[in-house]
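Read through the structure below, which is laid out as structure tokens, and then see the notes.
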Amino acid sequence: MEVENKSVVLDIFLHGLTNDPELQPFIFVLFLSIYLITVSGNLLIMLAIKCDFHLHNPMYFFLCHLSFNDMYLISITVPKMLMNIQTKDQRITFAGCLSQACFVVVCTIFECFLLGVMAYDRYIAICYPLRYTVLMNPSFCVILVLFSLFFSIVNGLLHSLMVLYLSFCTDLEILHFFCEIAQILKLACSDSLINNILIFVTASIFAGLPLFAIIFSYTHIVSTVLKMPSSEGKYKAFSTCGSHLSVVSLFYGTGFGVYITSKVIDSPKKIAVASVMYSVVPPMLNPFVYCLRNRDMKEALKKVIGRTASLL
């Protein structure tokens, strides 16, 4: 196969989830519904936090950024897939594909960091309640978010720049509905061993460290809660962590599930379907998890919906 010159604009063919024309309308309606539900759900959470003064604390500050990140993540991938189905043109430029893959990496790692920071917030709130307002002051919370975003962007740019050093063949097809760094590397004609090692190392660091922070935080939280004398205090402490634990389990559970699936199943189509579980499902379900399990969020959403209804 011929090697494509880097100065030439490349087009990549995204196969999507299926090539069956009879299933395309169903997939279009399904993912359009998922996208609208995800965007509206996360926007409602952000609006509720903004409008309700009682939710102006570190926990909901991080939740607001998590909702924005979820909304942005699904907006990177799903609209392009819907446009491809609608126009029956499944091409994407190489620059567009690499940009999409870069933003997916940034949003995924940023989500890992946010979940780790939120676990640390719960750790301070439960284990050191008297020092909570001092330790988790607004300036420190902003610094945590900025540092998380900075390392996420650096990680995404690093992978993208390393891809530019590779040579690619003329037959560029990705059996997926969006571009991933791992999928782009499979298109390379040159050796991509260093890139694959870099993916493993950075994933271990930037996804592993937040996971370690989560495990560390909840180990101490459980130890502290079990020492509480009253059952009411235990219930209240655990109830503040329930939503976050559910989101962590959903995000890391689907991520590990896709990783194991990619190693066990040698079918790109099935792997593409499995990847929906971590790229589309968690952003859609996170608003429901926080709304159903968090009483303060329920009350705030009722106020927002009530005000909106009264204006209409």
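Every residue, even glycine, has its Cβ placed from backbone N, Cα and C.
Note that TrEMBL annotation is computational and uncurated.
Annotation comment: TrEMBL describes 26-47 (among others) as transmembrane segment.
What TrEMBL lists as domain 'G-protein coupled receptors family 1 profile' is 41-290.
Sequence-distant neighbours of the transmembrane segment (59-78) (same chain, 6+ residues past either end, Cβ-Cβ under 8 Å): 31, 34-35, 38-39, 42-43, 45-46, 49-50, 100, 103-104, 107-108, 110-111, 114-115, 117-118, 121-122, 125, 138, 141, 144-145, 177-178, 240, 247, 279-280, 282-284, 286-287, 290. According to TrEMBL, the feature transmembrane segment maps to 59-78 (among others).
Among the features that TrEMBL reports, transmembrane segment is placed at 98-120 (among others). Sequence-distant neighbours of the transmembrane segment (98-120) (same chain, 6+ residues past either end, Cβ-Cβ under 8 Å): 59, 62-63, 65-66, 69-70, 72-73, 76-77, 80, 92, 144-145, 147-149, 151-153, 155-157, 159-160, 163-164, 178-181, 183-184, 206-207, 209-211, 213-214, 217-218, 244, 247-248, 251, 279.
Per TrEMBL, the feature transmembrane segment maps to 132-158 (among others).
Long-range contacts of the transmembrane segment (197-216) within its own chain (CB-CB distance under 8 A, at least 6 residues past either end) are made by residues 109, 112-113, 115-117, 119-120, 123, 151-152, 155, 158-159, 162, 181-182, 185, 248, 252, 255. What TrEMBL lists as transmembrane segment is 197-216 (among others).
As annotated by TrEMBL, transmembrane segment applies to 237-259 (among others).
If you look up TrEMBL, you'll see 271-292 (among others) marked as transmembrane segment.
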If you count Cβ pairs under 8 Å, which stretch among 132-158, 237-259, 271-292 touches the transmembrane segment (26-47) the most?
271-292
Please give the sequence-distant neighbours of the transmembrane segment (271-292): residues at least 6 beyond its ends with Cβ less than 8 Å from one of its Cβ atoms.
15-17, 31, 34, 37-38, 41-42, 44-45, 63, 66-67, 70-71, 73-74, 77-78, 104, 175-178, 180, 243, 246-247, 250-251, 254-255, 257-258, 261-262, 265, 298, 301
Cβ under 8 Å, sequence separation of at least 6 from the ends of the transmembrane segment (132-158): give me the contacting residues as numbers and ranges.
58, 61-62, 65, 102-103, 105-107, 109-110, 113-114, 117, 121, 124-125, 198, 202, 206
